[in-house]
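To start, the structure itself, in structure tokens.
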Amino acid sequence: MLLPPSLHQWKPVMSLHQKPMEDCTERSKGLLGQEGPSRNPEEMAAEEAEEQQRRRGWDPGRSFRLGAAANFFSTLATFPLHKTMFRQQLHATSIREAGRQLRQEGLRQFCRGLLPPLLAKTLQGTLLFGSYETFLHLLFPSGSHSWGQQATAGLLSGLSEGLVLGPFERVQNVLQDGQKARRFPTARSILEEFRSYGGLRERLALGYYRGLGLILLRNGLGSALYFSAKDPLRDRLREKGLPARLPALLSGCITGTAIGLLLYPLGVLIANIQAQVGSGEALGLRGALHAVWMARGGRAALLYRGASLLVLRSGLSWGLTTAMHDFLQDIT
């Protein structure tokens with residue numbers, strides 16, 4: 001039986017196209033990763049997280065929750081270093097001398113001052129990450145953000161954090177001064193002292209918000225640098241093929257350490273100003289600068305007394321916070 005010419009030609013046409021179809025199949029396998037070059041797992045995880053974020057939209061409450069959890073755990077891990085460093089900042093002692101003082105005081109006295117920073121740091125993470133995302137999305141709603149936009153949102157976030165958390169830091173610094181342990185044994189006694197001041201202005205300027213201008217300067221600048229630097233550095237480290245979560249940890253460590261060293265002298269000044277209680281101890285900025293300078297023997301190097309612990313504490317704290325935040329962001 002003779003077939004129509006079109007059917008005679010049908011099979012050869014299919015055979016001519018079979019090879020290209022096989023090539024397409026092979027290319028598809030390569031694109032799927034079966035025979036093509038392998039992709040960095042961190043890049044794939046980051047793209048997947050971004051895609052999930054786009055699908056569910058921006059949730060401001062989620063940013064606040066993630067920041068709170070990340071800072072809570074990092075504060076518990078780094079409190080011993082923080083208290084030792086504070087003693088060095090306040091009394092210009094060596095690490096060994098500060099450690100000896102804390103050992104003599106005992107465990108109960110060592111834990112004195114833990115609750116304020118734990119509450120403050122948890123609230124700090126809530127405000128810092130939550131307000132940063134809020135400012136970023138409100139001011140710059142586009143998908144990708146430049147370095148300047150991230151720095152602007154970080155600056156506003158740091159200023160907001162300083163206004164809210166200034167009183168926490170004030171109480172914490174008084175509690176951690178061993179010379180005031182008998183006069184102010186608890187946070188409540190410190191708050192009662194502040195409430196005893198005459199008018200509202202005195203309660204704020206001499207009590208809750210002493211050193212506010214310096215706090216805003218430190219927090220605003222530090223937050224702007226942190227948020228504008230951590231993600232680009234993390235992405236650069238991911239390109240090196242480092243194991244999962246390590247780029248975020250290292251990014252936080254490096255960024256936190258650099259910012260901490262840059263702003264450390266400002267922290268020394270804040271610690272000394274906020275450790276003062278009452279109008280009799282009150283010093284202006286110039287007087288506080290002179291007192292700190294004389295206490296360090298007029299040597300700039302001694303302004304960094306305690307900076308070795310700062311490198312360890314800031315690096316560990318911000319590294320853990322950054323890694324924990326990124327981890328929680330990926331799994332929730």
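Each Cβ is built from the backbone N, Cα and C atoms, and glycine gets one as well.
If you look up TrEMBL, you'll see 20-29 marked as compositional bias 'Basic and acidic residues'. Annotation comment: TrEMBL describes 20-60 as region 'Disordered'. What TrEMBL lists as repeat 'Solcar' is 58-138, 145-236. Residues annotated as transmembrane segment in TrEMBL: 249-271.
When DSSP labels each residue, the repeat 'Solcar' (145-236) comes out as 75 helix, 0 strand, 17 coil, counted as helix, strand and coil in that order.
The DSSP breakdown of the repeat 'Solcar' (58-138) into helical (H, G, I), extended (E, B) and coil residues amounts to 72 helix, 0 strand, 9 coil.
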